[in-house]
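Enquirer: Got a structure for you, written out below as structure tokens; questions coming shortly.
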Amino acid sequence: MAAISPLFLLFLIPIIPLSLLAILALIVRPRPIKIPIKSRHAFITGGSSGIGLALAHRAASEGARVSILARSGSKLEEAKKSIQLATGVEVATFSADVRDYDAVSKAIDESGPIDVLIVNQGVFTAKELVKHSPEDVKFTIDVNLVGSFNVIKAALPAMKARKDRGPASISLVSSQAGQVGVYGYAAYSASKFGLQGLAQALQQEVISDDIHVTLIFPPDTNTPGFEEEQKSRPEVTAIIAASSGSMETEEVAKKAMDGIKAGNFTVSCNFEGFLLSLATTGMSPQRSFWLAFLEVITAGPIRLIALFFQWDWYKAIEKWSKTKTK
């Protein structure tokens, strides 16, 4: 049997990854797209505070016509003034509960045709499932998941009917707790994991209408809601969550808006989030053949890293549990 020439091996080594890149460039779907923001209508739910308000500021500063929806009329008025003061842009405000489909539909109809829809509302309480009342669980899922269905369903007919307006976008703000379950977040994680299935199925349904879905995964973010939640979250939840650090709302909003404009299906906001997205990409669509290449070649090592994270978390839970039983 003839020996394999070292020169042939040197030739073969780059051919394999280049061939894989060529294949991925042919098969990645949906195809790359750019979503313009300037002079377009951005409608943001949960827009009166936190990430939603930061996104509204950014959209307005980039020349969008901005509408924000939230429950509190007084907070909406404060948000409107802060955006106008910072950007000079007049913002439309709508007071409605996302659990009320009729109220949401009325607000969206009044706001006019939407080009960039950002579904951002969210509620969370960190405590063990056994300590949640059925009403707590229902409220979390109704706002975070059912509310997202309500907003998208209300906006979709007019978005699909758009003619000659360029590519549109529907973005859902999830959480890193929507990629991996975290102690104390059983109800919250369930509500955010549901957005993954919604986004994947929705992208298939609206791609022929030139509508592009983005799923955003922020880490802990320094919002008023997060500050309140930290006061009551279990100690072990804080230990696990610390592995991904925290970010400011403006940082998250920039990452999110950049991802929306790039038409990315998945948007991670920090390095730990990027690793988490690689670990949990599964059947998610991917527009970039370079990122698809990275997902393929790092699948094994990333799984090993994920197992080390799980080991560390379970050790923390074990240690914390022992202190509670003493």
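Using the three backbone atoms N, Cα and C, a Cβ is placed for every residue, glycine included.
The active site, lowers pKa of active site Tyr annotation in Swiss-Prot covers Lys192. Per Swiss-Prot, motif 'GXSXG' is recorded for 46-50, and the stated evidence type is similarity to another entry. The annotation topological domain 'Cytoplasmic' is assigned in Swiss-Prot to 29-264, 310-326. If you look up Swiss-Prot, you'll see 8-28, 265-285, 289-309 marked as transmembrane segment.
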Enquirer: Counting only residues 6 or more past its boundaries, what in the same chain has a CB within less than 8 Å of a CB in the topological domain 'Cytoplasmic' (310-326)?
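Expert: Long-range Cβ neighbours of the topological domain 'Cytoplasmic' (310-326): 183, 235-236, 239-240, 243.
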Enquirer: Please list, for the motif 'GXSXG' (46-50), how many residues fall into helix, strand and coil according to DSSP.
Expert: 1 helix, 0 strand, 4 coil
Enquirer: Give the mean pLDDT for the topological domain 'Cytoplasmic' (29-264) on the 0 to 100 scale.
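Expert: Across the residues of the topological domain 'Cytoplasmic' (29-264) the model's pLDDT averages 95 on the 0 to 100 scale.
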